Every structure is written in structure tokens, then in C-alpha cells.
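Notes follow the structure.
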Amino acid sequence: MAKSMENNKAVKMLRAAEEGGYGVIGVVSYNLETITAVVRAAEAKKSPAQILLFPWALHYSPLLIHLAAAACSTAKVPVVLHMDHAQSEEEIIAAAEYPFDSIMVDMSHYEKEENLEKTERITKYLHERGIATEAEPGRINGGEDGVKDTGDLEGLLTTAEEATRFVDTGIDFLAPAFGNVHGNYGGVENIKLDFERLDKIREATKGKATLVLHGTNTFPDATMQGCIKGGMTRCNVNELVLFKYNDYVAKNTGKVPLTELMGKGTDLIQEQIEYQMDVMGSTGKA
Ligand code: 13P
């Protein structure tokens with residue numbers, strides 16, 4: 001029997017964020033340290049949170065997915081599991097066998113009509129299984145570790161008209177391209193977001209899908225808060241919470257015991273996540 005979308009935890013979490021005017025952190029997770037840090041931070045801050053895995057996890061080891069799912073089901077506050085940037089139908093079908101609350105149907109490397117057709121068909125497939133979907137109309141530039149490189153495809157800014165067409169496919173979350181970039185902006189001065197465009201996209205999608213933010217590397221607090229004011233509900237972070245950890249691991253691997261490396265590393269990620277929960281206004285909202 002088809003599962004209902006009524007009780008989807010990710011949809012509920014992001015609708016509550018939209019109503020409450022705060023953002024929920026979505027942490028790109030590659031390992032045990034990050035997953036542990038998400039749960040600890042969420043519990044310490046009494047904040048909702050999301051663990052994000054890339055399709056890389058499917059190929060690396062399903063154990064990472066089971067670990068993340070267990071972290072969500074045992075957390076004392078709402079923490080949900082999202083597959084980010086699933087770029088092929090095969091990966092999405094494989095991911096749907098695991099307890100993901102939502103999956104990003106990222107067909108942005110196809111031309112618009114093909115992106116729409118695939119998004120609609122796969123959304124139906126996932127909804128029948130109680131899994132929420134996210135799509136990316138337009139194309140966010142850049143790339144990151146764990147996501148298949150789509151080559152030199154040019155970035156395309158999302159229009160309100162496109163956003164409407166994508167929302168009509170039945171998706172739950174929409175990731176607009178409004179100047180945001182994956183990976184490195186090459187300096188804070190290069191973060192140039194088109195908030196007027198974001199306003200129009202929000203108008204076109206309001207009440208039908210919630211907006212999610214990609215590409216937050218080196219975001220100043222005010223920029224993050226501006227995006228949330230503009231309607232963003234989940235804010236995806238990667239380097240923004242991992243940079244101290246990455247630096248610490250680079251400097252200390254082989255020099256301190258592994259237990260210390262993992263323990264201190266986890267603390268460094270947790271600190272950054274907690275900081276961002278305050279910035280996003282989700283502290284105390286669980
Ligand atoms: P970046 O900020 O590095 O792009 O990571 C967050 C993200 O958007 C993942 O989809």
C-alpha cells in the first residue's frame with residue numbers, strides 16, 4: 001500500500017520553519033564525526049536539524065546511511081535524513097530503499113523540459129513511498145566533494161515562471177539559483193545574491209513548496225539571515241561548519257591518537273553547527 005505524505009517529517013519540519021521565520025540547518029555529512037556532531041548540537045540547542053548525505057554514500061557504504069538513519073531515529077529532538085543532489089534515476093531508486101525522509105531529484109544537468117519531465121515522474125515514485133522531494137530549476141553553479149561533476153555546464157538563474165512549473169510537478173522543496181554557488185565563492189566580496197529574484201520565486205511558490213538554500217560557503221551571518229528572511233527554510237552547509245575540523249584534521253592526523261582526533265574533531269564541528277543554529281534562529285524550536 002502506498003505510504004502517505006501526511007506524516008512526512010521533513011515536510012512538517014520545513015513548514016514549521018517557514019511559519020516561524022527561522023532556518024533549519026542541513027549538514028552535509030561524510031562521516032561519523034559529522035553525524036554525531038549534528039545530533040549533539042541539535043539536542044544541546046533544542047533545535048531541529050537535517051543530516052544530508054550525497055549519493056556518494058550509496059557507493060561508499062550503505063552502513064553510513066544506516067548510521068545516519070539511526071542517529072535520526074534515536075535523537076531526542078527532530079533530526080531528519082535527506083539525500084542531497086541525487087543526479088540519476090538509478091541512484092534515486094536505490095536511495096528510496098533506505099529511510100530517507102526526503103531526496104533531492106537533481107536533474108539540473110538536463111535541459112529544462114527534461115528536468116521537468118524527470119522531476120514529475122520521480123516525484124510521483126517517491127511520494128508513493130512517503131518520501132518528500134526537492135528539485136532545482138535553473139542550475140546552481142559550482143561543485144563539491146561527493147557530487148558528480150557535471151562538467152562545464154553554465155549556471156542558470158531560476159525564474160519565477162520556472163519555479164511555478166516545477167512546483168506544479170508536486171515537489172515539496174525548491175532550491176532556487178539566485179546567484180548562489182556551490183563550493184568556493186573565492187572571497188566574501190564575490191557573494192552576490194539577487195534578492196529581488198528570490199522574492200519573486202517565493203511569491204510564485206508560497207503555500208505550495210518551501211524554499212531551500214544551497215551554496216553557503218563563507219556566508220557572513222547577515223547574508224544567511226537575509227536568505228532566511230527571503231523565505232529559505234533549510235539552509236545547506238558544508239565547509240561553513242567543517243572548516244575548523246578540516247584544518248584540525250590536516251594538522252593533527254598521525255600526531256595525536258585517533259580517539260583524540262575523532263573526539264576533538266567532533267567537538268569542532270558541533271561548535272560551528274550550534275553557532276549556525278543561533279544565526280538561523282532555530283535554537284529552542286525543537
Ligand atoms: P556548499 O555551501 O559547499 O555548496 O554546501 C552546501 C550545499 O549547498 C550542499 O548542497
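Placement of Cβ uses the backbone N, Cα and C atoms for every residue, glycine included.
The model shown is predicted, which means the values in this text are computed figures rather than measured ones.
Using a 10 Å radius centred on the Cβ of Asp84 (active site, proton donor) and all shown protein chains, the other Cβ atoms total 27. The annotation active site, proton donor is assigned in TrEMBL to Asp84.
What TrEMBL records for His85, His182, His214 is Zn(2+) 1 binding site. Applying an 8 A CB threshold to same-chain residues 6+ apart, the list for His85 (Zn(2+) 1 binding site) reads Phe54, Pro55, Met104, Asp106, Val147.
Sequence annotations record features per position, and here TrEMBL assigns Zn(2+) 2 binding site to Asp106, Glu136. For Glu136 (Zn(2+) 2 binding site), the number of other Cβ atoms no farther than 10 Å from its own Cβ, over all displayed protein chains, is 26.
Listed binding-site residues: His182, His214; maximum Cβ neighbour count within 10 Å falls on His214.
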